[in-house]
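Participant: Just lifted these from Swiss-Prot, have a look:
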ACT_SITE  His15  active site, proton acceptor
ACT_SITE  Asp117  active site, charge relay
BINDING   His15, Gly385  anthocyanidin binding site
BINDING   Ala345, Gln347, His362, Trp365, Asn366, Ser367, Glu370, Glu386, Gln387  UDP-alpha-D-glucose binding site
Amino acid sequence: MKSELIFLPAPAIGHLVGMVEMAKLFISRHENLSVTVLIAKFYMDTGVDNYNKSLLTNPTPRLTIVNLPETDPQNYMLKPRHAIFPSVIETQKTHVRDIISGMTQSESTRVVGLLADLLFINIMDIANEFNVPTYVYSPAGAGHLGLAFHLQTLNDKKQDVTEFRNSDTELLVPSFANPVPAEVLPSMYVDKEGGYDYLFSLFRRCRESKAIIINTFEELEPYAINSLRMDSMIPPIYPVGPILNLNGDGQNSDEAAVILGWLDDQPPSSVVFLCFGSYGTFQENQVKEIAMGLERSGHRFLWSLRPSIPKGETKLQLKYSNLEEILPVGFLDRTSCVGKVIGWAPQVAVLGHEAVGGFLSHCGWNSTLESVWCGVPVATWPMYGEQQLNAFEMVKELGIAVEIEVDYKNEYFNMNNDFIVRAEEIETKIKKLMMDEKNSEIRKKVKEMKEKSRLAMSENGSSYNSLAKLFEEIM
C-alpha cells in the first residue's frame, strides 16, 4: 500500500513555493510516498497563479495538485488584514474535509499525515476527525518561530505584549543570542488591531502538532534551533532547508532572457540587485530617493520596481506602464549604460548570476535563503511581516548583511508610511555592500555560508539527515 501526505500551504507565493518544493523533495527521497497539495486561490497574489500554471504544465510524478474552488475576492477585501487568511481557510473547510474523507477511505492508499502551513494549523480539527496526524510547516526561520512562541507564552501569563509597540525595550528571547529590540518585533504580534490574539492561538495549536518542519538549516541558525529543541513544550523540530525553487516559476521566460542577457554583459560581482518581494512597493518620494542613492553610488544596478495596487483593483501589478512618471527627470538616460529598471524579476536566476555582487532586499525569509544559497551579501530594507526581525538576525546574529533601516515599516495592507530613507543613506550602504571580499568580512561570511547551505542538503548533511529522521516519524 502506498503512503500519501496531504499538504495545505497558505495561498501566498512565499508560503506556497516552499511547500511545493518540499513535496518534490519528499517524493525524491522516498519512493513509496505520494503527495497531494491542496491550493487555495488568493486574489492579491498573481505569483500564485503563475506558479500554479507552471506546476500543471510540468507535472511531477507522484505529486498531485488540487485547486480548491475559487471564492469571491469581495469576501476578504473589507476584512482587517489579520482576518484574511483565516477567512480563506474557513471558506475551504468543507472541501478539505471531503478530500481527506475520500483519501482515507481508499483501499490502495494510507494517509500518513497532513502537513499544514502554520497559518492554517486550525485545519488540524478536520485531520483529527479522520485520525490523521498533523505536522506544521513554518515558512519563516527558527529565530522568528522561537520569538512567536516566547510572545505567546508571555501573553498566556497575562503580560500585555502590546506594550512593546513603539517602546525602547530590549527582550531576552530564547531563540536569539543578542537582546532583541522591541522596535524589530513584527507589528502583527504587538498591535492591538493586528489580530495578535488570533496569531497566538495558532502557536498554541502548533504545540499540539506531531512536529514542526522549518525551512532553515542547522549551520545558519544553530542557536535558535537548539533553543527550540530544549523547550519541552514545543514539538520535535526538523530543519530541512534551504528548500528553494531554483528553476523559477516558468513564467515570463522572454523577459527573463532579456534580464539575464543584460547581466551577461556586466563584469563579475559588479551589479547591485534591488528587489523587495511580492508586496514591496513604494510611494513616489521614496522611489526618487532610491534612484538618487543608486546614481550617486556609481555602481551598476538591476532594480525590480513594482507599483502599488491601483485603487479599486485586487491584484498586484508586475510593472509600471511609464517609468519616467515616477523616476527623477533624466534618471533613465543618465544611468542607461550602468543600470536597468525592470518590473518582475527571476530572482533566483539573478542572484545566481556571476555579475551580481550585492542584494538590496526586503528580507523575506525565502529571499534570505536564496541570497545565502547564491553567496550574495544583503543590504537590509525590511518592510512588513517578520522582515524587521529577519534583518536584525542577519545583521546582528549572523553577520551576513549590511543594515540600512531595520525599523522601516510599510505594511502591505497599509501603504501610507511617512518614513523616508534618504539618498545619502542608500548611497553609503550600497558602497559598503559592494566592497570586495578582501575588504568585506560580510562577503567572506556569506561565501562560507553558501558552502554550508549546499553541504546541509547533500547526502549526510544536517538537513538531509533531519529529513531522514522525519520520515522515520511519519512512515
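Placement of Cβ uses the backbone N, Cα and C atoms for every residue, glycine included.
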Participant: Where does Asp117 (active site, charge relay) sit by DSSP, helix, strand or coil?
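Facilitator: Once the DSSP labels are grouped into three classes, Asp117 (active site, charge relay) ends up as strand.
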Participant: Tell me the Cβ contacts of His362 (UDP-alpha-D-glucose binding site) under 8 Å, same chain only and six or more apart in sequence, or just say none.
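Facilitator: Once residues fewer than 6 apart are set aside, His362 (UDP-alpha-D-glucose binding site) is near Cys275, Phe276, Gly277, Gly280, Trp381, Pro382, Met383, Tyr384, Gln387.
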Participant: State the Cα to Cα distance, in Å, between Gly385 (anthocyanidin binding site) and Glu370 (UDP-alpha-D-glucose binding site), rounded to an integer.
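Facilitator: So the Cα of Glu370 (UDP-alpha-D-glucose binding site) lies 18 Å away from that of Gly385 (anthocyanidin binding site).
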Participant: To the nearest whole angstrom, state the Cα distance for the pair Glu370 (UDP-alpha-D-glucose binding site) and His15 (active site, proton acceptor).
Facilitator: 14
Participant: Starting from the residue listed as 'active site, proton acceptor', work out which of the recorded positions listed here (Asp117, Ala345, Asn366) have their Cα within 10 Å, and give them in sequence order.
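Facilitator: If one measures from the Cα of the residue listed as 'active site, proton acceptor', the recorded positions that come within 10 Å are Asp117, Asn366.
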Participant: What three-state secondary structure does DSSP assign to Gly385 (anthocyanidin binding site)?
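Facilitator: Note: Gly385 (anthocyanidin binding site) is coil by DSSP, not helix or strand.
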Participant: How would DSSP class Ala345 (UDP-alpha-D-glucose binding site) in three states?
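Facilitator: Going by the DSSP assignment, Ala345 (UDP-alpha-D-glucose binding site) belongs to neither helix nor strand, so it counts as coil.
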Participant: What whole-number Å value do you get for the CA-CA distance of Asn366 (UDP-alpha-D-glucose binding site) and the residue listed as 'active site, charge relay'?
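Facilitator: Given the Cα positions, Asn366 (UDP-alpha-D-glucose binding site) is 15 Å from the residue listed as 'active site, charge relay'.
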Participant: Check the DSSP secondary structure of His362 (UDP-alpha-D-glucose binding site), expressed as helix, strand or coil.
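Facilitator: In three-state terms, His362 (UDP-alpha-D-glucose binding site) counts as coil.
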Participant: How big is the Cα-to-Cα gap, in Å, between Ala345 (UDP-alpha-D-glucose binding site) and Asp117 (active site, charge relay)?
Facilitator: 26
Participant: Based on Cβ atoms within 10 Å, give me the single least packed residue among the binding-site residues Asn366, Gln387.
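Facilitator: Looking at the binding-site residues Asn366, Gln387, the Cβ with the fewest others within 10 Å is that of Asn366.
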